[in-house]
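S.K.: Got a structure for you, questions after.
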Number of protein chains: 2
Amino acid sequence: MKIGIIGLGTVGEGVLKILALENKNIKLKSGADLEVKYACDLNIDREFSFDFDKAILTQDYKKILSDPEIDIVVELIGGETIAKNIIMEALNNKKHVITANKALVAKYGPEIISAAKDNCSLFLYEAAVGGGIPIITPMIENLIANQITEIRGIMNGTSNYILTKMKEDKLDFEEALHLAAEMGYAEADPSYDVDGIDAGHKIAILSSLAYGGYINFSEVYLQGIRDISLVDIFEAEKLGFSIKLIASSKINEDKLVEISAEPILLKNEKLLSNVNDVYNAIEVTGSYTGKTLFYGKGAGMEPTASAVISDIVKIATDSVINSNFFFDTKSHLETVDTNKLKHEFYIRTSKDFDLEASALELYEEIDNYYIIIAENISRNELDETFANVKEKLIIKII
Amino acid sequence: MKIGIIGLGTVGEGVLKILALENKNIKLKSGADLEVKYACDLNIDREFSFDFDKAILTQDYKKILSDPEIDIVVELIGGETIAKNIIMEALNNKKHVITANKALVAKYGPEIISAAKDNCSLFLYEAAVGGGIPIITPMIENLIANQITEIRGIMNGTSNYILTKMKEDKLDFEEALHLAAEMGYAEADPSYDVDGIDAGHKIAILSSLAYGGYINFSEVYLQGIRDISLVDIFEAEKLGFSIKLIASSKINEDKLVEISAEPILLKNEKLLSNVNDVYNAIEVTGSYTGKTLFYGKGAGMEPTASAVISDIVKIATDSVINSNFFFDTKSHLETVDTNKLKHEFYIRTSKDFDLEASALELYEEIDNYYIIIAENISRNELDETFANVKEKLIIKII
């Protein structure tokens, strides 16, 4: 199998490195005979920390897409424009494509996957969700006898790191974000991580694989963690909860999907509450297995590269279980409007809120805020109730 | 694909039931066309809670083994004599074989797997470890780029239930065992569960798959949980630990394996400490992924049957990654004598122990016992030190 890697950023370099170091072991274990014919990046004159034949380096990705010897194109440049063009052209040239690009899969999955099917090519993206954690393969293959009814997890390591540091080291959001950036966990523009977008991409992908249809990403309810303060972390802890950015979806009997990525007050006894730092964990509920949970490093050069390589080996050994059911591009999964659903909520509001006039009960006053726990109420109702207050934070409780 | 199920106990009936109910869904998802041609048991005149063509029932397993139309034999009768004969004969008749029989795989793996290779048949046993938890497939396929260096987990639900009930409800061992039996979790003879044998089987299997060789089951260090008292649970808690029956192995640079199934004092912050009741969790350390953890129901009709069916579908879709590396029958993995290794230990000893004469320091006196925490010492040294005391319990601390 001849492979072209396009994009030698963190993950791309990881794939190149592991294939250089482990090629013989991978062949011994799987029989797969892998050869990286091209490794493409704009910046190829730099130093690499491992040995490989530099002749494979190129700046011209078109050479890879047009070379009839190339079986697998690994797209790791990220972004949504050139990356998408590369993937579409590779598929239309009858090549298999592997990516770790969750934004692309979540937003353009139906179009890309249709092109893959039309060309009898495979399009795999194990690394797009959960980094090094095995999740797509086990969810598809090991749970194949099950109807999957619910998926829930911590799918963004950066925001989990920030929430962990806020809780453990009493840092406020800005300080914790700054620390995350220093540690290399947060990008210059952290909005994908802290606004729930990245976790939203991932739950959209998993749901599209699980429920026999596809999720329109714009229908995922998103709420970020920017407005969470130390007061909230402290109040949650007093109540026996942790605040976690949880991506989740469930499908009801009418095939309607409730899907979101949002901060949640989660009971401390729950396993997900104990997932800290940059770790991810994803819980999948199957009709026969019940809940299974997958935990590990959700990002990083080597874990993510390891997942990319598992996709390469699956293609090389012809062992992909594939059908129109998974990410079914012909069947749009309808979603429910989460704003209308009644839940229990934690609310912190500034004191200009007219508590007396409302039917809500005060749980506590702290600093300049009222803390309110409201049951059996919808976001729409809450938004109306708190429409005119200066400051408010509303977080779901489970 | 024509399937013969032999043994309609809990798991066998589960497989028959799920295949009856989900056949169309499985075909839709995987393309696998599955037909149960025979379902064999001695007791076939009973009621079943689901509909299927009763004509497939038979009491004669030999009919299955000799029918040239049968592609896959699913052995679910358990035990080690007839079950082994059935498996060997099925393989020698060029049939693929699937089992959930961990004792058989752990003890006779090399012989059975050699027969499978000689006959170009597949022998799969995802359900033998972790019940419904995906573990063998992800460990082999998703982590294929990694050297696996360590495996650790709670692999026996019954003993975990007993230890959980002791801690949470302050039951002593006998009471908790009795409750486990009432709940249907413990067998009439609970020794496989509470003496570490079952967990030992499972860690032997996973290690044989992970390290490129096979473990001789008799070399697994086994210690059960019968001698653990409420005093120990209480003392562990005071120290910030939980006591869990942990099956673990790790391989060092000289390819020597340290392998055991034994109670361990585990820090409460560790995820495995928070795995309670009949749940299992298995942590696999890969050279690139770091630690990944798999959690779920380790037993029960439906979860285990779900795992058996995932093996059936893998065979039917020809998507098994297979090689001599996994459970290599030609390479015996040498083990280290765990009795010689220095660790930290929790010791509870009766007061006839001559504390003054020893170099050990008392941590606490409670009831009629000394509690001692000893560092950097081996089991051999401890056994010598405590050779003549009336009562002692020694548990490793991690």
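Just so you know, glycine gets a Cβ as well, placed from its N, Cα and C.
Relevant sequence annotations retrieved from TrEMBL are reproduced here:
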{"type": "ACT_SITE", "residues": "A:K202", "note": "active site, proton donor"}
{"type": "BINDING", "residues": "A:K102", "note": "NADPH binding site"}
{"type": "BINDING", "residues": "A:E187", "note": "L-homoserine binding site"}
{"type": "DOMAIN", "residues": "A:7-125", "note": "domain 'Aspartate/homoserine dehydrogenase NAD-binding'"}
{"type": "DOMAIN", "residues": "A:134-313", "note": "domain 'Homoserine dehydrogenase catalytic'"}
S.K.: Far apart in sequence but close in space: which same-chain residues, 6 or more away, have a Cβ under 8 Å from A:E187 (L-homoserine binding site)?
M.R.: A:D193
S.K.: Between the recorded positions A:K102, A:K202, whose Cβ has more other Cβ atoms within 10 Å than any of the rest?
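M.R.: Its Cβ has the most other Cβ atoms within 10 Å: A:K202.
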S.K.: Can you check how the pLDDT averages out over the domain 'Homoserine dehydrogenase catalytic' (A:134-313)?
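M.R.: Summarising the domain 'Homoserine dehydrogenase catalytic' (A:134-313) by its mean pLDDT gives 96.
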S.K.: Residue counts in helix (H, G, I), strand (E, B) and coil for the domain 'Aspartate/homoserine dehydrogenase NAD-binding' (A:7-125), per DSSP?
M.R.: 58 helix, 18 strand, 43 coil
S.K.: Tell me the Cα distance separating the residue listed as 'NADPH binding site' from A:K202 (active site, proton donor), rounded to the nearest angstrom.
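M.R.: With the alpha carbons as reference points, the distance is 6 Å.
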S.K.: Looking only at DSSP and grouping its letters into three states, which state does A:K202 (active site, proton donor) belong to?
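M.R.: In three-state terms, A:K202 (active site, proton donor) counts as helix.
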S.K.: Tell me whether the residue listed as 'L-homoserine binding site' sits in a helix, a strand or coil according to DSSP.
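M.R.: It is coil.
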